[in-house]
Amino acid sequence: MFLTPSTAQYDVLQGEYSIPIIALSVLIAWAAAYTSLSMGERSHKSSFFHQNLWLVLAATSMGIGIWSMHFVGMNALALPVYIHYDRILIVVSILSTMLASFLAFYVSSRSRRTKKTYLITGLVMGTGISVMHYVGMAAMKMEGVIYSYDIGLSIASFLLAVFVSCVALYLFYMLQHQSERFLIRIAIALILGLAISIVCVTEMAGVTFYVPNDYLLMNGESQWMDVLFLVKSVSASIALLLCLFLFSSMLDRYAEHQLRYFDSLTKLPNRRRFERNITNFSYGALAVWHLHDLESLNRAHGYTFVDEVIQEMSHLLTSTKPPLIDLYRLDGHRFAYVARDSKGVYALQKAMERTAELLKQPILIKEQQVKLQTVCAFAISSIDEKSLDLYSQVMAVLSHPTIRFQHEIIYYDPVVHNQSFAQSIMDDVERAMAENELYVVYQPKVSTAMQKMIGVEALLRWEHPEHGFLSPAVFIPILEKHDRMMDVTDWLIDQVCQQIQAWQTNRKHNWPVAINIPGNYVTSPRLLNYLMGRMECYQIDPQYLELEITETSFVKTIDGAIEAVNKFREKGLAVALDDFGTGVSSLSYLKKIPISTLKIDKSFVDDVPQSEKDAAIIQSIISLGESLKLNVVIEGVETKEQVDYLATTCNSLAIQGYYYSKPLKAPEVVEWYKGF
Ligand code: C2E
Ligand code: CA
Ligand code: CA
């Protein structure tokens, strides 16, 4: 009621504010804001659970938090009358904030957010808070007591609630990247908590309580007892709820981390972790134990038996691992020890000798003696070597034809190992092309504006019968060094043109395909001739082919490269500048070479949006591309956060990366396209 009762019949009821209870209510608001921030953040990450579950939890936590802070705050005013509560109305008032919070979170978590979105969601949330206040007041039953609202303060508190909600939601989503930093998250939560408290105080200031002149006031003490008990139980249950929520988000983050970086069978860090570390740090030495012929053990004893063999081997390796040495399970049959610096190398060598002795003994699995076949490849880093080189050296040892599996430790020797690995690649490439050991995979590129696949990049793969799966980063440099990449590129062009024709005729899929052209082939007249010949043979329109070239290809002969690119463009082929930003120069060439697309290298996106510097750099490269009227493709995008950030930098970007899809075999591309 907004009317002030007549003073002839009623007295204003004076209450007493309890400072500790006010402090408690601010603390609740802060804790709720902190928990909601954590939950909201989970909804943007890849999680075990659906995004909406995190939104519901964030909204529940925010809703209950706001409600209980308001409720406790209301009770900070101790009135000398007996109060009881209407439970149904209390539930209605909690539900109103939860519903408003959910709507607000849901709308503002959509990827396209404008000022209008924040205004509308702020209005919804502010209304929710006000409804909660009035329903909450109605739930407070005080016999004989009536109250009135000050219209001015009521309107002010509503506007304040809307304003605070807008600011809160804006902060929530604009600072979500920074909110991963603990202190920033605490600070944002504190601002939100204080803001909510101010709304509550304004609302309470707008209420005046009255009692009839002849009303018999209660003894303050006993009333305090009731309220204190209520406040304590509300606070304790809220604290418990918030702890549970916080714990669940921590658990989810932990589960995601464990799944991503640890092997579930041995609990050792996995290949992903190994690759991440080995590209980021430099190491003293690397030792890889290879377990040979697990397939026949699988055939003879079954998979569970072999799982136990692997677990046993992992126990054995863990038991010989010296301190400051890391152990990883690389894949089914390989374990890696890494010495973090040169000081650990000697300890690692000694440990490997001990391990070799132990592995010579049969191991006992399910009362059966199993004799393993193992070998250890060991590479020690020299001063100017990258850790990635250590890995290729170890692989060269393991793929050497003379390798035996008799628990030896074989040290990498450049004369023996490198030559022969390169040689075997050279010897085998012809057969690989003829027998489809070499094959092509296609990685989708997705337009952020259209949310659809706009093309693919063709990438080479080699399933080698002896060396196993070979990464193009391993075999292409060898083929280039020995001038075999031109032939392989021709083979690839033929494969791609066949595939484009198949896609177009069978399923009417018109996807442009990008082909990587090695540096020294770009300026060769043979390339254009071959391309034209294949396009004619398979009747392919040039708009469906794109050539990716890197800066290094025109460092030697800039004029030759300009001429070559001009010719490709005249024939209607698109040309992309690959790995932009990693080469020598960039800008001066950009002006001169008539390319159509700029592909920004993965290294610029890796730390976006957390790193402000990287975010600024990528933003300027994108603007540069836009102002030169080039198509811009960002490579190596792996997370939703990166996609969300990139979508805010430019209207028409193309994104290629594991977030959307890894490179796929041709039939899988069609499936992926249908499911996207
Ligand atoms: P590139 O041309 O820069 O190709 C992109 C590489 O990044 C591919 O590796 C692709 O699988 C990988 N990639 C894509 N998205 C992500 C991501 O989200 N995260 C991570 N970590 N990686 C991602 P790939 O296929 O191993 O190729 C490596 C390089 O080998 C290529 O780099 C290219 O320089 C060369 N290459 C591959 N295929 C060919 C080919 O057919 N011809 C020539 N000349 N070079 C090729
Ligand atoms: Ca490429
Ligand atoms: Ca690239």
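For all residues, glycine too, the Cβ spot is worked out from N, Cα and C.
In TrEMBL, annotation is done automatically, which means it is predicted and not curated.
Look at TrEMBL and you will find 17-210 tagged as domain 'MHYT'. Among the features that TrEMBL reports, transmembrane segment is placed at 17-37, 49-68, 88-107, 119-139, 151-175, 182-207, 227-247. What TrEMBL lists as domain 'EAL' is 422-676.
Through the fold, the transmembrane segment (49-68) approaches residues 28-29, 31-33, 35-36, 39-40, 42-43, 93-95, 97-102, 104-106, 109, 128-129, 132, 136, 196, 234-235, 238, 241-242, 245, 248-249, 252 of its own chain, all at least 6 residues removed from its boundaries and within a Cβ separation under 8 Å. The transmembrane segment (119-139) is not in contact with the transmembrane segment (17-37), judged by fewer than 3 CB-CB distances under 8 Å for residue pairs 6 or more apart in sequence. The average pLDDT for the domain 'EAL' (422-676) in the predicted structure is 91.
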